[in-house]
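Asks: The following block contains the structure, expressed as structure tokens.
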Amino acid sequence: MTDTRTPRAMPAAAPVKQSAPPRAGRLRRARSVTVPAAVLLVLALLPYSAVEIPVLLDGPVNSPGSLQLFALCLVFGALALGYDLMFGRTGLLSFGHALYIAGGAYGTQLAMAELGLGLLPAALLTLVLGTVAALVLGAISLRTLALGGVGFAMVTLAFAQAGAIWVERNPGGLTGGEEGLPLYTDGVPAALVGVQNTVHIYWLALAYLALVATVVWIATARPVGRVWQGIRDNEQRVAVLGRSPFAYKLGAFTLASALALLGGVLHLLVTAGATPHTSTSEFTLTLLVMAVLGGSGTRWGPIVGGVLFTYLDQRLGGWNLGVEPMLILGALFVIAVYAAPGGITALGRRRSS
Amino acid sequence: MDTLVLLTLTGLGLGALYFLIASGLALIFGLMDVLNFAHGAFLTVAGYTAWRTAETVGGVPGLLLAAVVGTVTGLALAVVVELVLIRRLYGRVREQILVTVGLSLAIPAAVQTVWGADARTFPVPDALSGTVGVLGARVPVNRFLLIAVAVLVLFGVQLFLTRTRYGLIVRAGVEDRAMVTALGIDVTRAFTLVFALGGALAGLAGVLGGIYFGSLSPHQGTSLLIFAFVVVIIGGLGSIPGVALSALSVGLVQQYANYYAGGYGDLAVIILLAAVVLARPKAGTDSPLLRLRRALTAPRAQSAGGTA
């Protein structure tokens, strides 16, 4: 059985940054702060614009409908980036990420509705319990790497499926089954409830994306990120150098899961409810597709992929094309694997250089 | 007693269905390292073409024709996917898996576009919709049909693998692809063959799944696929008898737990999986099931070595 994590099978490895001359390095470092800061500023000011963009948007940019769409796009951009911490950075093909997203959404909802907690304590409790669960399940799942990367993929899928079954079964009327649950608004601050407050939700989603990007970018730039990259490219080499690949992989898994749990809370707030779709294996697969579509293992790729995919997924249905959005998106993805092996962001880079 | 008989036979029927799905997956994975996520989608499409055929023709001849149409649909779909998509990514396992992931999203959506999201009733002729008395239990006839087909397929696949030249190449390719290629044998041909075989098995499973559940929906194949994945992990990757054994245990555990543990059969299967994963002590060592299988198949491997 050959290793599925062969270097040539990797989607366009990130260029080695240390080899650049010092001045270019300083320039790059300056750019690496100014570009995200500029993007963040533009996105933060977006709700002050009332521009109408026909076809692309139903209402003006600052209408609640558009802002809700943007917020959803940002949340998925962040979720895809968090997922890529495992897939693109560490080479762990997990099919169970949905478990932690659904866990964040349902956990927070249930902690508010059943325990009477406020949004913040409920989210915090979910985050702590969920991260402990991720640590345990991650440790179990990583043992199956003896079967090759695919064993890990399938075991994470199976654990996530247990969560999906639990949600669908609606035990004790807790999860609402196929209907899902409407957001328990009593626990949520008034500034985050109602259509007129969509702008606050949007800013919260933006803050979440900024947080995930900061955590992922800083972590991957630090020594731990180099070890992850080493594991991705050649795990044996890392083991020979005296680092325990298991601990680093578990670290990547747990960090990604914690970010996903928080993402679940955001998904709950943006969609104003816990939807069973977040627990399905298809949900994880779409995150994988987003990361690869945009450019896995790169800074911006997963974000671009997540935003674009979510936008199309939401809007294609409204354009009356007579087909399911997922048919177009799935086919688009298959084409992208051949036409843009490094993702959309790599395509732009190739053209500009 | 009669409940136990009914549960056992239903569990065996479900296990038979899992075996049909999982055996195709295991063959493809064993030879090509490709985790075929589109397998469930093949199953769904085959189920729908079979449903259309059975609706149009009707009766037992309709069902027989539907079985043929479904199997051929799965086979044709798999061959097209292998030739057009998978082959181009030769040696790039990760991209190959990603392509099948894309298909697993697109194909059910295509099915939903054509036939709608609602579940369709699969027409089962009267001869198969009744029950038979076994030790006081009224067991649906279709359970026996599934078990019989699965046993036939198990023997057919084993005969193909052990008695034909192509089977030999496939088995050798599963063991050591690089060596087979070095001997000057065209492994890509074997890839197409195995993909076709897997597709045909998925197609047949689509038809039988329609009969077993009595209905079809666009995402049914995908949800069945997940249990097939579980079966493949428990059974050991790339071994047909191991997959058969684990398919039976998963089917039985699911049915027993559904009845005796208040409908939590699906969760019981996941717990079984976790137990098996934990029982496998360390990297490089085998699962208890694999060791048992090796003990059972060791003498035959010797005689096969003598004739080859």
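One is the number of the first residue shown, and numbering goes on along the chain from there.
The backbone N, Cα and C atoms fix where each Cβ goes, and this holds for glycine too.
TrEMBL feature annotations, pasted as is:
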COMPBIAS  A:7-24  compositional bias 'Low complexity'
REGION    A:1-27  region 'Disordered'
TRANSMEM  A:33-51  transmembrane segment
TRANSMEM  A:66-85  transmembrane segment
TRANSMEM  A:92-112  transmembrane segment
TRANSMEM  A:118-138  transmembrane segment
TRANSMEM  A:145-167  transmembrane segment
TRANSMEM  A:201-225  transmembrane segment
TRANSMEM  A:246-270  transmembrane segment
TRANSMEM  A:326-347  transmembrane segment
Asks: Top stretch among A:66-85, A:118-138, A:201-225, A:246-270, A:326-347 for CB pairs under 8 A with the transmembrane segment (A:33-51)?
Replies: A:201-225
Asks: Which range wins on Cβ pairs under 8 Å with the transmembrane segment (A:66-85): A:118-138, A:201-225, A:326-347?
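Replies: The listed stretch sharing the most Cβ pairs with the transmembrane segment (A:66-85) is A:201-225.
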Asks: Hey, which of A:201-225, A:246-270, A:326-347 has the most Cβ-Cβ pairs under 8 Å against the transmembrane segment (A:118-138)?
Replies: A:246-270
Asks: At a C-beta cut-off of under 8 Å, are there same-chain residues at least 6 beyond the transmembrane segment (A:201-225) that contact it? List them, or none.
Replies: 32, 36, 40, 43-44, 46-47, 67-68, 70-72, 74-75, 77-78, 81-82, 84-85, 89, 192, 248, 251, 255, 259, 262-263, 266, 269-270, 299, 303
Asks: Sequence-remote contacts (6 or more beyond its ends) of the transmembrane segment (A:246-270), Cβ cut-off under 8 Å?
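Replies: Tertiary neighbours of the transmembrane segment (A:246-270) are 68, 71-72, 75, 78-79, 82-83, 85-86, 89-90, 92, 94, 97, 100-109, 123, 126-127, 130-131, 134-135, 138-139, 141-142, 145, 183, 188, 192, 201, 204-205, 208, 211-212, 215-216, 219, 224, 227-228, 231, 238, 278.
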